[in-house]
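These notes concern the structure reproduced below.
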Amino acid sequence: MDLILCHQTADFDVLGAAVGLAKLHPGSRIVLTGGSHPTVRQFLALHRNEFPLIELRSVNPDKIRSLYIVDNQQGDRLGKAADWLTLPHLRQVAIYDHHLNSPRDIEADIWELEAVGASTTLIVEKLQRADISLSMVEASVMALGIHVDTGSLTFTQTTVRDVKALAWLMEQGANLRLIAEYADPGFPPPLQFLFAEAMQNLHKEMVRGYWLGSVLLTTENFVPGLSHLTERLLSLTECDALLLGHVYDKGKDKTKNDEQREKTGVISNQRFSLIGRTRIPDTDLTQLLEPYGGGGHAQAAAVNLRDVEPTTVMAEIYQALQRQIPKPLLARDFMSSPVRTIRPHTTIEQAQRVLFRYGHSGLTVVNQEEKLVGIISRRDLDLALHHGFSHAPVKGYMTRNVKTIAPDTPLPRIEAIMVADDVGRLPVMDQEKLVGIVTRTDVLRQLLQDKQEQSGRFGAPRSGSLRDRPTTPNQNFGQGSLLQLLKTHLPPATWQLLTTAAQQAQTRGWHLYLVGGAVRDLWLRHSQGAEKHQNITFQDIDLVVDGFHATADVGAGVELAQALQGDYPGARLSVHGEFQTAALLWHKDPQLDTLWVDIATARTEFYPYPAANPEVEASSIRQDLYRRDFTINALSIRLTNPNPGKLLDFFGGMNDLQSQQVRVLHANSFIEDPTRIYRAVRFVVRLGFELEPQTETYIRYAIASGVYERWRLTEHPTPALTTRLKAELSIILKAPYWKGALTLLADLDALKCLHAELKLTEQLWWQVRYLSRWLRWFDPERNLEHWLLRLGILLGALPPQEREKIAAGLQLPKATIDGLTNLETIETAIAKGLNSPASPKSSPKSSVIYQTLKDYDRFSLFLVAARGNKLLRKQIWFYFSQLCQVSPFLTGHDLKALGYKPGPQFKQILTDLLNACLDGELGDRQQEEAWLRTHYPLPNKV
């Protein structure tokens, strides 16, 4: 285990540097050795799961290999972790710091001390040189490290290197709004007294889930820098919007006009300025202050006034701000439901398996009366397992004093509770009944969705469940309803089918969704034009029914399919009860043509071991989309009320469509199912997209892990997996883009999914190219299975026994298996026949070529030609292009007419006659008859 040690009371610089080191050393863990700065603590309350943190008490010292220490050179700043520095089995200690004159007492193997403004800068430069990409949160926390330690690039120790590092982090996606929220550049002395007064007199109240603050300060003279003070108040008081009023006396600067106005009773020497800051979506301070002569931006504005009553003006603007605040998202709108629960007597080991199976980070605990009695997190379980209590009940480790929320708790309040109490999940209770749960991830997804909607970006609302607020269409999907787009792009009969299906689902109280490829292709056709995507025909439709776990024995999807068959009796129904799915197939229907509609019950999957068949159970639409392979395929459109036509995009699929990249949903996807590698390649090449970098990393790791080879060598490989692999190979090798797909598969080393030794060598490439040429010339009508021939070329590089094993495992046709198995035998026989003593070795007669090759099928001959030398290819080409077209003028009927008696001799006569024609000895019917009289004379009549 490699550990990255943060000093006690960690600030953003040490955290940012640690996060960067964790990227440089995959698998390493970050240890906060003794607490953190309050702002860091607040940051981690929301973003803890983004980083490989580990509790100090969960570390087993015996497994420590290397220690990386950031922003520190003193052992006493590491707390109890300082004891690890003297472990006898420790391989190395490395220190990265920017404090050149700091006291040091640690004996390290690697020292990197450089005079820059932040330790994070040193690590960023390493990341740049290694060409490592960062996520938004990773880039943001590292940018915070540089901002905090350089005073946002204003401190004297700031260097050009810090500026360049920060610029690179911005390119990596660092979020300025997140940085502004947590950066703390410090206060100038003149404002410190006013800040204390403002903190003491601040009025704060919650409105629609948002904290509003206001304070009125009075000074003798104008004080500069109050905008900075306002921003600091907004951050430290946890307000979402703040109005700061400042009343001051103009004093000696009064003009004669001011004195005249004062004599008339008008207060003219008093000035009033108001500064506003807001982080509340859809509020606009400029609109509020413009009527008073103010200006600025939606989130930051100010106004300077005179001749007014300050308290009155502040009250007016404060009330106007309240009216601007939008109705917030409530817990019921995005909570996950139903909640997966366990009993208090469930063992730690059992609870851990549940977490692993469903991908949760914690579980709620209920008693037999279904009342909430506790909650247990993955960290709690990890700690219990670390100490060997796998068989202990969870009731001894669960948190009993559970913080809960109500269904109508607004999102801002939920966020505040999570930060204040450092909790990652909040059960939703309705009159003591557990109705849902909101996790930290759910909140972050909603916040991200809000930010993207505010910035005008479309399509990455990383929301949490069926009840997440669906994304509304914008310019990328048109201003009209998605249903209208469906109606426009789908054939009328298919649109009517979807309408009927939605009506059937709605009468049963279910939600129905169009999911997957149809939604993806709808966007492609609409945004990029139907001309570019003429191959998109919408003949394969996927529907998902969220039946709320109804009809569990059959599945809501199956029941809906059966009902639809009643409306469409011409459809053929196929039911797969194990997976709670059904399919309706129309073949050359007058209206629907050839259409395949899959109807599934919303379900979740679990792979008990790599390359296994998934175990399936009913779930929600969110879980159903979460089990899919790629974000661009995890899109859905609701077809039923409420809000028909709303897009559900929980995982950023629209963003990836716009970025033209294929991103996998889960890190272990390719280990669970290798066919997803082939699907990823297929989508990349077919759509003209790219592999998202992290997805490519996951693919390469899965292949290098050897999991596929171990699966292939098992005594009984999973049949369903080989079927899926065969299907993907068939699609790829049949498609017009097969060359690009094969190139990418080879680059990823993904042919190892078939066999560990299979590589696309230059020789194989030439063979595939030769084969393609032959197929174009001699099988333009595609009577042969072209994909099988291309696969045959690849498998031909393996030993016959391995070749046969793979072909049999893929359940290829018997003739194909036999042809591949006997390929070398066929090649030897052909070579022997073409070099027989009956003909010169360099140029055998045409008849010899024909008679040698005629008994082999085209599949075998095409493979032999592609694999053979130039002379052999020339001979087989001659066979197909000319010799196969030769036939004598005389037939068996002609022989009978000429007086020959039918019998075994006929076959020999016709064969010899054909050979003579092939060798160019005969050219017309008369010559053939003369040849017969010479070589097969009729007996004289008596």
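Placement of Cβ uses the backbone N, Cα and C atoms for every residue, glycine included.
Pulled from Swiss-Prot, these are the features on record:
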type    : residues                                          : note
BINDING : 517-520, 628-629, Asn633, 673-682, Arg686, Arg724 : ATP binding site
BINDING : Asp540, Asp542                                    : Mg(2+) binding site
DOMAIN  : 335-394                                           : domain 'CBS 1'
DOMAIN  : 398-453                                           : domain 'CBS 2'
REGION  : 452-478                                           : region 'Disordered'
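The Cβ of Thr675 (ATP binding site) has 22 other Cβ atoms within 10 Å, all protein chains considered. Cβ contacts within 10 Å of Asn633 (ATP binding site), excluding its own Cβ and spanning all protein chains shown: 20. On a Cα basis, Asp540 (Mg(2+) binding site) lies 17 Å away from Arg724 (ATP binding site). Arg520 (ATP binding site) sits 12 Å from Asp542 (Mg(2+) binding site), taking the CA atoms of both as reference points.
Neighbour counts of Cβ atoms within 10 Å were taken for the binding-site residues Arg520, Arg724; the minimum is at Arg724. Least crowded of the binding-site residues (Asp540, Asp542), judged by neighbouring Cβ atoms within 10 Å of its own Cβ: Asp540. Geometry remark: Asn633 (ATP binding site) versus Asp540 (Mg(2+) binding site), CA distance 13 Å. The shortest Cα-Cα distance between Asp540 (Mg(2+) binding site) and any of the binding-site residues Gly517, Thr675, Tyr678, Val681 is the one to Gly517. Here Asp542 (Mg(2+) binding site) is positioned 8 angstrom away from Gly517 (ATP binding site), judged by their C-alpha atoms. Taking a C-beta cut-off of under 8 angstroms and a sequence separation of 6 or more, Val681 (ATP binding site) has the following same-chain neighbours: Ile732, Ala741, Leu744, Leu745, Leu748, Ala750. Other Cβ atoms within 10 Å of the Cβ of Tyr678 (ATP binding site) number 22 in total over all chains.
In the shown protein chains, 18 other C-beta atoms lie within 10 A of the C-beta of Gly517 (ATP binding site). For Tyr678 (ATP binding site) paired with Asp542 (Mg(2+) binding site), the C-alpha to C-alpha distance reads 20 Å. Helix, strand and coil residue tallies for the domain 'CBS 2' (398-453), in that order: 25 helix, 16 strand, 15 coil [DSSP].
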